[in-house]
Structures are given as structure tokens and as C-alpha cells.
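Per Swiss-Prot, ADP binding site is recorded for S515, Q516, and the stated evidence type is similarity to another entry. If you look up Swiss-Prot, you'll see 1-12 marked as compositional bias 'Polar residues'. According to Swiss-Prot, the compositional bias 'Acidic residues' annotation covers 47-58, 78-88. Residues annotated as compositional bias 'Basic and acidic residues' in Swiss-Prot: 95-104. According to Swiss-Prot, the feature region 'Disordered' maps to 1-65, 77-104, 120-151. Feature annotation from Swiss-Prot assigns zinc finger to 314-340.
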Amino acid sequence: MADSSESFNIATSPRAGSRRDALTSSPGRDLPPFEDESEGMFGDGVVPEEEEDGEELIGDAMERDYRPISELDRYEVEGLDDEEDVEDLTASQREAAEQSMRMRDREMGRELGRMRRGLLYDSDEEEEDRPARKRRMAERAAEGAPEEDEEMIESIENLEDMKGHTVREWVSMAATRLEIYHRFKNFLRTHVDEHGHNVFKEKISDMCKENKESLPVNYEDLAAREHVLAYFLPEAPAEMLKIFDEAAKEVVLVMYPKYDRIAREIHVRISHLPLVEELRSLRQLHLNQLIRTSGVVTCCTGVLPQLSMVKYNCNKCNFILGPFFQSQNQEVRPGSCPECQSFGPFEINMEETVYQNYQRITIQESPGKVAAGRLPRSKDAILLADLVDSCKPGDEIELTGIYHNNYDGSLNTANGFPVFATVILANHITKKDDKVAVGELTDEDVKAIVALSKDERIGERIFASIAPSIYGHEDIKRGLALALFGGEAKNPGGKHKVRGDINVLLCGDPGTAKSQFLKYVEKVASRAVFTTGQGASAVGLTAYVQRHPVTKEWTLEAGALVLADRGVCLIDEFDKMNDQDRTSIHEAMEQQSISISKAGIVTSLQARCTVIAASNPIGGRYDPSLTFSENVDLTEPIVSRFDILCVVRDTVDPVQDEMLARFVVSSHIKHHPSSKDIANGDAAEFALPNTFGVEALPQEVLKKYIMYAKEKIRPKLNQMDQDKVAKMYSDLRKESMATGSIPITVRHIESMIRMAEAHARMHLRDYVVEDDVNMAIRVMLESFIDTQKFSVMRSMRKTFARYLAFRRDNNELLLFVLKQLIAEQVTYQRNRYGAQQDTIEVPEKDLVDKARQINIHNLSAFYDSDLFKMNKFTHDVKKKLIIQQF
């Protein structure tokens, strides 16, 4: 028996060798078949002589060979087990048996290969002709790799030469696939970083510790080591990734031989693909190629089981057919039963069928990247295996995958002609956050930002840079600037989350640029979603569940607050929302999450965003004789969730109105499209004067400054004056109870802390100092006093004058007091004479008395200041009058 098996191997292996040599470029490729080679090695005269004098098989003695011999006509009893019952093998037993047979055949082929090389080729000649092969064999031997298929490694010397084939055809060839397989396997084994550490040994170890099946591979590393593979990969990703997965699985099993019990497959995930395509730029030339795109997840299905390797039962004979490997494009079904030759029916064998996880998501272009007037495009993506649940609605992700097309009958019905739907088969997903944006800053940008932060008046410069095309409204600009920088979120012990975002509500008369402020923030913020209260429902703001029109499954769709995660959500016409819709954002504004429990989907989505809303008062105009809560149609729970309330009144002030008109006309002249004086529109914008009296920052610099500060600066509260905040809170509570205006709650303490952190972050400070606390108290007080009745507003300003005077020079305070005196005089003249005169006179003594109340005793500097003259005031020393001419 042993002899017969040896003769069988010797007879069959040359045929296998000749078949394998046909694929190789080895020196023996053009030689005749193996049988002919071995005959020619015994000399020219021997073979013809054997052919002539050979034994004649057909003759008279032919029947003697068929005579009965009792000893040889019986089978040997040893080794036979016919009497035992033979059971059917299970799938796992069969796989183990086939694995052992493959290993045995591999071992025998290896021994046979060594014999054949020694028989056919001279060793010296081989070393001269094939030095590369010997070097590669030595490297593999040093790595301890098995020597199987050594001939096949040399099948293609020049992988770049595709011999006129396309990349997909070239990669599909057996010899090319084997060369790619070995090159990638060698890359995984030997790639090291700049410190000499083995990169993938650590990655594989981490992957196996977490029982995962995804091995991330940096495309840039692959291109540096194996540029040919990096060239083939985007052109034929499906074929290349299949080879990569097989090579990665073998490398993993060498390190962890039994890991296939945990993960049946190992998937190579390609990251850092250099070219990023926009969703709206995907065309037919990208079909079946590896692409990288980004967007916001707007919709995702549940995790479904997808058939991976399916087996069928024949209902007539109960024979098990399969396994059939299912592809993404079509369903593979058996045609007929090989046992009973029937054509069905067949049903899926649930026990032996292998499934894999399947999830479908929809990604949409990020809100900040869509051009004005364009609708955001969206695209479906399929997540398989351990990629499922790696993202949820509202997450901004970078997606690397294969751009596929598939047949969609509903599209053909709708369009009337055959078209294909497109989908991205995901390979790698990365969640984007602010760190990615900061990575876009250059070293020069960082140096310029740090240098700017050392300017003593950087706070005023940033306030002046907010909406430079809008005149005045310093309190709104200050509040929006603090909201853009934001405070620091806290989550002590991972149990109770305290938000760090600052919410702002603008309320006031029509025509006071409320919507313009929102539009400006939309352009400056790195991620902003703009919506209106009239056009936004409760589910449009939060999230909703709907049934997919084609698949009929429930999907989770994200609303505006979820899409604005880690950004800004801008809501115009906030008062036009009905109460039911408005209450839906209570949780989003304070807990910064949205809980969903609909149609069997129970989940919680992140809504970590700043809410900036604008509303109009009841009746159209703000009535200063009423409190804030009486002027707006908003409930106390929603008002208390706003940190800063900005009340904008359209008061008649001839001097201010004239300055505003001059500013608007100047702005229109400088920003006209056909203006020849200034080529750059941004330069014209910054040339406009501002009421802060400092130079504003360019808008691009401001964006980078905010981006850097939000990501890199984490201000702490170690050195904060706690007593001052506590005293301020108790005073505000007392005044609130006395006046009956907006209620002061514990949320306002947190608001002051958030504003102090935002002011510290604005100056790139790591700790909150006293100046930050004073600015937070000033903004809080201005917000609180503006919401009072006009009758109590003046007394409250006098009560909190020392807090309101922070960061204001004496000239500003005196100008404010003088304007109040002028307004009183104008009211007196109208009531007495029925009309306002062109000249208003105020006794100097009245201004001196008011100035002493705020501890200002010397007014000469104020009389000489530009601020005094700019507002058309003159000082008559002889008459001791202050005169304003209109």
C-alpha cells in the first residue's frame, strides 16, 4: 500500500508542478513536461534501447498474468473497519479533517519540491540565475515562515507590469493574487515605526484583547512600503481587500492560533486615504472604487442579521445543500438538489446558516459645508460585521468605503428608464470632532494666535470683531462672543453631566438686526444649523422615527439639535413655535441629550450644542413698562435655560440715529460689488468703525482663534472668588423677588461660572481669574437689569453700579449718565412745549452730582475726549452748561 501511494504521488505531482510552472517565470518554464525531463536525464542511448528491446505484453503468455492466486486475490484485513458504523461528519469535523489533509499534502509537496529542484537544476546554476529568490527565501526562513509555495512567490517578478490588462483583471489572476498576498503579509510582519517598534504586532494584540475583527491599516504607511499595492487598492478595492483579509487572518493566527474560534474573519480597515471626496462630487467614474468622504449621520436602521454562508434543506429528500456564500449584489440560490435531482422547493437551514451583522445608515453633507442656496446631498452606506453601531444620528464621521451601484426597481418605476441606485459599502469609519479641525491649523497660525492672546485688549478686539457690519449692540456682541467660546462641561464620576455651552436669547423690537446676528454666527461657527420656529416642528428639532419607504423598516432620523452636536443651533422666530414643540427642547437645552422611545426604538442621542434664539415680543414691540416675562410668550422653564437674555429696544436718539445712518450708508458704499477702491470685500468690512474703539480682527483669524481656544484651552476654577459669586447670587435673588421679573435660579450660578470660563478661554488662560468673574457678573447683571420694568431699572443700576462699571472707562460711564440727563430734558420739553427744540441744555451741576455717585470727581478729561465731541456735545464754561445740538 505504501509503495502504491508513493508511485501515485510521484506520478501526479509532476503534473501539479508543470501546472504551477506554467504560471511562473522560473527558468524551467519552457522545458518539456516532467516525464520527458526525467527520461532525458539517463542518456541518449538508453531510452531508445529500452523502447526497442522492451517486453512484449501481448502474446501467447498473456493469459498467464490472469491466473488465480489465492494469496493475492484477497484484501488485507489490517486497517479495515467495515464492521464499525460510520457517522456523518459535522461541518466543524469536516473542516478540521480537510485542514489536516491540506497540511499533509503541503508537507509532502514541500519535500517533493526540494527533490525535484535537486534533480532538475544544478545548485550553482540556480544561485547565479536567481539571486533574488535565494535572498527572499533567506528572509522568510529568518522570520520562521513556512516554505510552502516558494515557487509561486516568484511567479511575478515585476508586479507593476500589468501586460495590457486593467487593474481589476490583473488583480484577479491567480499568480498576481498570490504575489499581493505575500507582499501584504510581509508588510504586516515587518513594518516598523520611526522608533523601531513593530506597528501591527501591537495593533493585532490590541485587537485580540478586545475580541474584535478589524485591523486598521494606514494607507500612507502602505504607500511608503508597498506603493504597487497602494496603487492597486483604490482601483480594485473589492478584490484587494479580500486578499488583504486572508493575509491578515493568517498573520493573526500565527500569533493567536485559536483566535478563529472568536472571529471567523479578520477585516483590514483602510484609514487616512489621501483624497477626500464631497458627497455631491461622486460620479460614475468613482463606481467600484475606494473613496473617502465625510458627512453627518442623519438616519440609521437597527442591526439586522444578513446571510453570509447559507445552507438549504431540500423539502423532498431532506438533503442539506451548500454552503453558498452570499455576495452584496445578488442572492445565490441552488438550482436543483444533487441527491434527488428535484428543482425544489428549498428552505434555509437555520441551524447551520452563518449570519453577519448588517446596518444601513444615511450620511448627509455637513451643514457648514453646503453652499448657499443648495440642498444638502445624502448617500446611503452599509455597515457590516463589527462596524455596526459605530456611529449614531448626529455624529459627524469620515467614511472610507467602496462606492457600489445596485439595482433598484422603485427608481426605474419613478424614472421610467433603467437607472441604478448607489450605495457606499463601508470599510472604515472615524468620528470627527474638533481635533480634526484644529489639525488644519499650521504652526504659523498657532504662533499668531498665541501672540494675539498676549494683547491686553484682546477681549475688546474680539467683541468688536463680532458682526462688524452691525452698528452698536455691544451687549449682544459680548454675549455672542462668550457663547462662541463656551464654558467647560463637567461630568463628575460619569453620573451627572453639567453642560458647558452658553445659550443666548435675543428679544426686542423689529428691525434691530436680531436675524442678522444669527446669520453671522452661522458663518463663523465651525458647525452650525439654522432653522426657524415657524418651519420647525418638535421632531424636526429633536429626532423622529419613520418607516423606510422601500424596506418598510423603522429608521431613526436626526433633527436640527442632533445635527448641531458640538456646534451651534440657531433658531429664528422662537416665539412662533407652539408650546408642544418648544417643550421638546427642554431636555436638549439642559441635559444636552434627546431621549427617543418610539416604534420599538429606545435610545438617547447627543445634542451638545449652543442654542442661540431670536424672538419678537408680544404685540410686535417691547413695552418697557412691563417685565420680560410679560413681554414674551415664553414659559419660565424655557427662559431659565438661557444663560444670557439680550433685550434690544429701538429708542429714538437723534445723535445715535444719525451715526447709525452714516454707518449704514458707508457700509453700503464700501461693500458695493462694483467698488473699485477696495478689491477685497473683507478689507472693506474691517475698515468700518466700531463702537469699542479698538481694531477688529479679520474674520478668518477670528475663526481660527475660536477653533484653537475651544479645543486646546481647558480653564480651571481653582483661583475663582467664590464669595463674590455667592454674594451676587443672593443679591439677585432678593431683587428678583422684590421686582417680580424673571426668576433667578441655581442655573444662573452655573451661567456665571460658564461665562467666566468662556472669558478665560478667550484670553487663552488655564485658570479663571478675578477679571473673568467680574466680566461674567457684569454680563449677568446687564442681562438681568435689561429685563426689568423701566421704573426699577434705574434704581437697580445704581444698586449694582460697582459691578456694571467693570472694564468701562470713566468717559463711557459719564456719557451714559449724560445721555440719561438729555433724555429727561427732551421729555420735559415735549411735555411743556409740545415739541422738541434743536438745542438741549443740561446744567453742569446735574452731571457733577451724578458723577459723584459713581465715584468720578474730575470731568475735565471727559469734556476734552473724542467721545464727548463725537456725540455733538459742547461745554460752555461761562454759563456752566452742557449743550447738545441736533
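For all residues, glycine too, the Cβ spot is worked out from N, Cα and C.
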Subject >> Summary of DSSP states over the zinc finger (314-340), given as helix, strand and coil counts >> reply: 0 helix, 7 strand, 20 coil
Subject >> the compositional bias 'Basic and acidic residues' (95-104), counted residue by residue under DSSP: helix, strand, coil >> reply: 10 helix, 0 strand, 0 coil
Original post:
So what's the mean pLDDT when you look at the zinc finger (314-340)?
Top reply: 81
Original post:
Long-range same-chain neighbours of S515 (ADP binding site), Cβ under 8 Å, sequence gap at least 6?
Top reply: D572, A614
Subject >> Under 8 Å by Cβ from Q516 (ADP binding site), counting only residues of that chain that are 6 or more apart >> reply: A467, S469, I470
Original post:
What kind of secondary structure is Q516 (ADP binding site) part of, going by DSSP in three states?
Top reply: helix
